[in-house]
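First up is the structure itself, then whatever we jot down about it.
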Amino acid sequence: MEKHGNYDIKKICVIGLGYIGLPTASMLANHGYEVVGVDVNEKRVNHIKNGELKIEEPGLLTLVKGAINSKNLNVQTSAEEADAFIICVPTPALENEDGSKKCDLTYVMSAVQAIIPFLKDGNLIVVESTIPPETTKKIYETINKKIYVAHCPERVLPGKILKELVENDRIIGGINKKSAEMAKEIYKSFVEGKIYITDSNTAEMVKLMENTYRDINIALANEFAKICDEIGVNVWDAIKIANKHPRVNILNPGPGVGGHCISIDPWFIVEKTNNAKFIRAARELNDNMPAYVCKSVLSELNKLGIEKPKISIFGATYKGNVEDTRESPSKNVIKMLLENGATVSTFDPHADCFEYPLSTLDECISGSDCIVVLTDHDAFKNIKKDDIDEICPKLKNKIVFDTKNILEHNLWKKAGFKVKLLGNGAW
């Protein structure tokens, strides 16, 4: 195999074959590298070998099959010698006693330990996992070899992963310039966006800043929603008009923030400093939105004389049109509804796996007092009059609580529903 660019990197070992690792490994294999994909989950490895992906992502199955059929991608449960190693494992958050959270580096450091026996002088390690500042240097310091280490944080959106892997700009921070340049050589094989070179601390901080910026702006929208609920203003109408200002772009409110990035990453800044009070306040506000939704739903039902209701949850995933339920606000909304005596059924046309039982649509709505929309799936947006007419006879009470403002409310109202919208103080 011919070498790529200025550095003799021919073989790459990708550790972690989840939402980021598998697309990255497959992309590299389809661009001429010899790639070994490693995951400790044997069932996942076997599924990949058999072309049975548990990740719902446009184009991914075709990409993976192409990589495997080309013989450039092999997947297995253990690492082996390579010229470069890319770590794509989760970095979950651990909760502290005060309710704050910190980064759990267990998976990252386990991946490092797994590749140490196979490292040779001159090898490169790239960490794609989101990590707190100074972690890349910490990894380098744990390895007693003359190697190169860089951080190239993933920046893709579920549902558009393959498109964004290619088109998005990337940032690469190295422990030294050569580390960053070596990593750039790998990524420029398929990245069409610009690749920016910096130091590892800056790269770590940039990724956290990106997601913190979004989290804070969502928190602002959620706070506006709570205020508008209180004073009788429709927050969605107010936001739409406010955004007519050329320098204003308020985001939409919702039942909370989910996914493995935005709801987690700001805590990695908070754990490093006492100067992140604003960031922490925003994170706590968003974390408390499921409780606010639960309280609002039960309060409105109580006003109508409905106690211990059966509630139909529409949406288990953290965002629309994906199967990913990680950190989904739906989990906490359901948990709190159950704790307050409600009976809950959940329907999601995309999710296969969830902490609570998933029902068919008919099972979910049978005998229901209230439908609560928590996820903006197209399947929910596209509910039309005929669909509503089919739903009506199966319900006990015609009540809808829309936290995403995606339903055609007039259709539901014409069918006799009471429709409550998050951030609108009146029915």
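Using the three backbone atoms N, Cα and C, a Cβ is placed for every residue, glycine included.
According to Swiss-Prot, the features are:
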type: BINDING; residues: Y19, I20, D39, R44, T91, T130, R326; note: NAD(+) binding site
type: BINDING; residues: R155, V156, K207, N211, R214, H245, R247, G258, Y318, K319, K404; note: UDP-N-acetyl-alpha-D-mannosaminouronate binding site
type: ACT_SITE; residues: K207; note: active site, proton donor/acceptor
type: ACT_SITE; residues: C261; note: active site, nucleophile
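Feature annotations (Swiss-Prot) mapped to structure.
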{"residue": "Y19", "record": "NAD(+) binding site", "Cβ within 10 Å": "21"}
{"residue": "I20", "record": "NAD(+) binding site", "Cβ within 10 Å": "24"}
{"residue": "R44", "record": "NAD(+) binding site", "Cβ within 10 Å": "20"}
{"residue": "T91", "record": "NAD(+) binding site", "Cβ within 10 Å": "21"}
{"residue": "T130", "record": "NAD(+) binding site", "Cβ within 10 Å": "25"}
{"residue": "R155", "record": "UDP-N-acetyl-alpha-D-mannosaminouronate binding site", "Cβ within 10 Å": "20"}
{"residue": "R214", "record": "UDP-N-acetyl-alpha-D-mannosaminouronate binding site", "Cβ within 10 Å": "16"}
{"residue": "Y318", "record": "UDP-N-acetyl-alpha-D-mannosaminouronate binding site", "Cβ within 10 Å": "26"}
{"residue": "R326", "record": "NAD(+) binding site", "Cβ within 10 Å": "17"}
{"residue": "K404", "record": "UDP-N-acetyl-alpha-D-mannosaminouronate binding site", "Cβ within 10 Å": "21"}
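Around the Cβ of C261 (active site, nucleophile), the number of neighbouring Cβ atoms within 10 Å comes to 25.
For R247 (UDP-N-acetyl-alpha-D-mannosaminouronate binding site), the Cβ neighbour count at a 10 Å cut-off comes to 4, with all displayed protein chains included.
Cα separation, R44 (NAD(+) binding site) to R155 (UDP-N-acetyl-alpha-D-mannosaminouronate binding site), rounded: 23 Å. In sequence order, the binding-site residues near Y318 (UDP-N-acetyl-alpha-D-mannosaminouronate binding site) (Cα within 10 Å of its Cα) are R326, drawn from Y19, D39, T91, T130, R326. Within the same chain, the residues at least 6 positions away from K207 (UDP-N-acetyl-alpha-D-mannosaminouronate binding site) whose Cβ sits under 8 Å from its Cβ are T130, P153, R155, I171, D265, listed in sequence order. Of all the Cβ atoms in the protein chains shown, 23 others lie within 10 Å of the Cβ of D39 (NAD(+) binding site). When the alpha carbons of D39 (NAD(+) binding site) and K404 (UDP-N-acetyl-alpha-D-mannosaminouronate binding site) are compared, the span between them is 36 angstrom. Farthest C-alpha pair in the UDP-N-acetyl-alpha-D-mannosaminouronate-binding residues R155, V156, K207, N211, R214, H245, R247, G258, Y318, K319, K404: 30 Å apart. Calculated from their C-alpha atoms, the gap between the residue listed as 'active site, nucleophile' and T91 (NAD(+) binding site) amounts to 9 Å. Looking at R247 (UDP-N-acetyl-alpha-D-mannosaminouronate binding site) and T91 (NAD(+) binding site), their Cα atoms lie 35 Å from each other.
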